[in-house]
Amino acid sequence: MPAHLLQEEISSSYTTTTTITAPPSRVLQNGGGKLEKTPLYLEEDIRPEMRDDIYDPNYQDKEGPKPKLEYVWRNIILMGLLHLGALYGITLIPTCKIYTFLWVLFYYVISALGITAGVHRLWSHRTYKARLPLRVFLIIANTMAFQNDVFEWSRDHRAHHKFSETDADPHNSRRGFFFSHVGWLLVRKHPAVREKGATLDLSDLRAEKLVMFQRRYYKPGVLLLCFILPTLVPWYLWGESFQNSLFFATFLRYAVVLNATWLVNSAAHMYGYRPYDKTINPRENILVSLGAVGEGFHNYHHTFPYDYSASEYRWHINFTTFFIDCMAAIGLAYDRKKVSKAAVLGRMKRTGEESYKSG
């Protein structure tokens, strides 16, 4: 039995998942309808949480000259130093203790989950609900990752979805690989990002005390959890050299987590296939999913941003979904939203690339 089918049988026995079903419609019956007349909220896409993370095809860039790039030299210098330190950390790998490797792997996975299961699937898209202990864990893990606080990350990500591949998209991939990967962090935001970002409903984030607490104490939290703790633990507990602890366990580990996330914005918007919606840039990219613990099924995710698995196949190359399901098994996660097979097939028939089909 295929792994994803076995997983579905197992998970259905111990948890409740909200399935987003496809109501009867002419679209599902014959795949008809012209794409340019497709409404903003498709019949198969309707769900109750929020709609500020759903692509708005009606938004277009304003005509006229583009604003001049304004470089943020502080970010350029810090990113340059970080990656120089990470490169030096690579040369130290042969001298590191085995416990340090295990520590780095542990810190990498926890940090990644703070992004994927935390700020992305929980807070940005509200694809599932989490009880307080899980939310506390994810807010700590997110701080360990140091990729902006939950409020700012979620705001930018909702803008990225709603205004994808336009000037209002913070990391618009139409501006090139480097810009969508890291360049967007090295320059001032395009005025359209600020203008359209201000129109998004962020009341759910402002109302959550844990999110605002993290935002208030983010800088000292990052200093402790992203830099001090991962350096001191191997140095103090098992006698790793301070040099290895700093450059390998901290700088290299942090740089790898950053680039794994950035590849979702760059590579997964340029390389891969589009079985769900060929009219948008995001693609299915297995290599990205491996590094980003399940975030590489990007054509599916941009088509169905409210699916907690961010993929049609749940556990397939998707450790984040496995983690969320484990949390559901012990009662810490609930109300996981999963798009029905009928809705997926209907969307593939109508907008997907013809050379691919649902597995």
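Cβ atoms here come from the backbone N, Cα and C positions, even for glycine.
Summarising the annotation, Swiss-Prot assigns substrate binding site to N75, N148, R155, D156, R188, K189, W262 and lists similarity to another entry as the type of evidence. DSSP assigns N148 (substrate binding site) to coil in the three-state reduction, placing it in neither a helix nor a strand. Taking a C-beta cut-off of under 8 angstroms and a sequence separation of 6 or more, N148 (substrate binding site) has the following same-chain neighbours: D156.
Sequence annotations record features per position, and here Swiss-Prot assigns Fe cation 2 binding site to H160, H269, H298, H302. Under DSSP, H160 (Fe cation 2 binding site) is assigned to a helix (H, G or I) in the three-state scheme.
Marked as phosphoserine by Swiss-Prot on the basis of similarity to another entry: S203. The 10 Å shell around the Cβ of S203 (phosphoserine) contains 9 further Cβ atoms across the protein chains shown.
The motif 'Histidine box-1' feature in Swiss-Prot is assigned to 120-125. DSSP states for the motif 'Histidine box-1' (120-125), grouped as helix (H, G, I), strand (E, B) and coil, give 5 helix, 0 strand, 1 coil.
When Cβ-Cβ distances below 8 Å are used as the criterion, the motif 'Histidine box-2' (157-161) is approached by residues 52-55, 119-120, 124, 168-171, 193, 196-197, 200, 202, 265, 302, 305 of the same chain, each at least six residues removed from its ends. Residues or ranges marked as motif 'Histidine box-2' by Swiss-Prot: 157-161.
On the 0 to 100 pLDDT scale, the motif 'Histidine box-3' (298-302) averages 96 in this prediction. Annotated motif 'Histidine box-3' per Swiss-Prot: 298-302, in sequence order.
The topological domain 'Cytoplasmic' annotation in Swiss-Prot covers 1-72 (among others) and is backed by similarity to another entry.
According to Swiss-Prot, the topological domain 'Lumenal' annotation covers 94-97 (among others).
Among the features that Swiss-Prot reports, topological domain 'Cytoplasmic' is placed at 119-217 (among others).
Annotation comment: Swiss-Prot describes 238-241 (among others) as topological domain 'Lumenal'. Secondary structure of the topological domain 'Lumenal' (238-241) per DSSP (helix as H, G, I; strand as E, B; remaining residues coil): 0 helix, 0 strand, 4 coil.
Per-class residue totals from DSSP over the topological domain 'Cytoplasmic' (264-359), listed helix then strand then coil: 39 helix, 9 strand, 48 coil. The topological domain 'Cytoplasmic' feature in Swiss-Prot is assigned to 264-359 (among others).
Comparing the Cα of H298 (Fe cation 2 binding site) with the Cα of every entry in N75, R188, K189, W262, these being the binding-site residues, the smallest distance points to W262. For the substrate site listed in the record, the two most distant Cα atoms among N75, N148, R155, D156, R188, K189, W262 lie 20 Å apart. For R188 (substrate binding site), applying a Cβ distance below 8 Å and a minimum sequence separation of six or more within one chain yields L69, E70, Y71, V72. Long-range C-beta contacts of H160 (Fe cation 2 binding site), restricted to its own chain and to partners at least six residues apart, with a cutoff below 8 Å, comprise D169, P170, H171, N265. Between the CA atoms of K189 (substrate binding site) and H269 (Fe cation 2 binding site) there is a gap of 20 Å, rounded to the nearest whole number. When the binding-site residues R155, K189, H269, H298, H302 are compared by the number of other CB atoms within 10 angstroms of each CB, K189 has the fewest.
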